[in-house]
C-alpha cells in the first residue's frame, strides 16, 4: 500500500457560513489588510522583526481569504495547503520568539543597565534575531515534512484555511510521530513562555526600586506585556479550540476563533506601540487624516 495520498485539493467548508455576507466580509478583510500594511512602520530592530513577521503571516492568509470570499468554490491545492500551514504557524512561533527576545532585551536594559551595550552587542543581537526566525521556521518545516507524506482518507477541512492538526485528523495511517513532534514544539514554547515570565518577575522587582526604573518599565515594558498577552491568548485559543472545540459551535464562531490570531495581534500591536513611539503615532494620524478627507470628499459628491 502506498504511503502517500492521492488527494490534490482540499475543500474549505468554513466558507459555507459566509455566503450571505461575502461582499461585506470581503470589504472588511481588504480594509483590515490595508490597515495592517499601513500601520507597520517600526523604529527598532526587535519591533521591526515583530512587524515584518506580522506582514509575512497575514500575507499567507488575507489574499487567499479575500479571494475565497468572492468565489463559489472554496478549495486549495495540496501544495498550497502545506505552504499556508507553514507560513501561518511559523508566523505564530516567530512572533512568540521575537517577544521572548524583547523580554530579554528589556531585562538587560533595566536590571543590568551598565552591561547593556556589551551584552546586547550588534553581533549578539543579530544572532538572537536570526535564531528567533530560524528555530520557528525549522520547527514548522519538520511539522510539514511529517504531515505531508501521511495517507489521507479525506479532503474536507472544516476551517477557512489549512491547519496542520485538521489535516493530521484526516490521516488513515499512524500519526504517532506527528503527535510527538507537536508535543515537543508545544513544550519548547511553553518553556519560552516561562522564560518570559521569569524575566518579567525580575524586571518588576528591579523597576519598583526607583522612580526612573518605574518610568522605564511603563514606557517600554507595558506595551510589550500587552502585545505578549494579546498573542498568547490568541494562539492559546486557536490551539485549544482546534483540538478540543465542540462540534456544536456555530460555524461563524469557529471561523472567528480560527482567524483571531491572524487578525487581532497584527492590528493591535502597532497601535499599542504607537501610544509610545512618535513615528508610528504620526503614521497612524497621517493615515486617519488622509482617509477621513477622502471619505468626506466622497460624501459631498
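If you go along the chain as it appears here, the first residue is 1 and each next one adds 1.
Including glycine, each Cβ sits where the backbone N, Cα and C put it.
TrEMBL labels come from automatic prediction, so no person has curated them.
For 23-273, the entry in TrEMBL reads domain 'G-protein coupled receptors family 1 profile'. Look at TrEMBL and you will find 20-37, 44-63, 75-104, 125-146, 180-201, 222-244, 256-276 tagged as transmembrane segment.
Of the recorded ranges 44-63, 125-146, 222-244, the transmembrane segment (180-201) has the largest number of C-beta contacts under 8 angstroms with 125-146. Cβ atoms under 8 Å from those of the transmembrane segment (44-63) belong to residues 29, 32-33, 36-37, 83-84, 87-88, 90-92, 94-95, 98-99, 101-102, 105, 125, 129, 132-133, 161, 227, 259, 262, 265-266, 269-270, 273, 277 of the same chain, restricted to positions at least 6 beyond its ends. Per-residue pLDDT, averaged along the domain 'G-protein coupled receptors family 1 profile' (23-273), amounts to 82 for this model.
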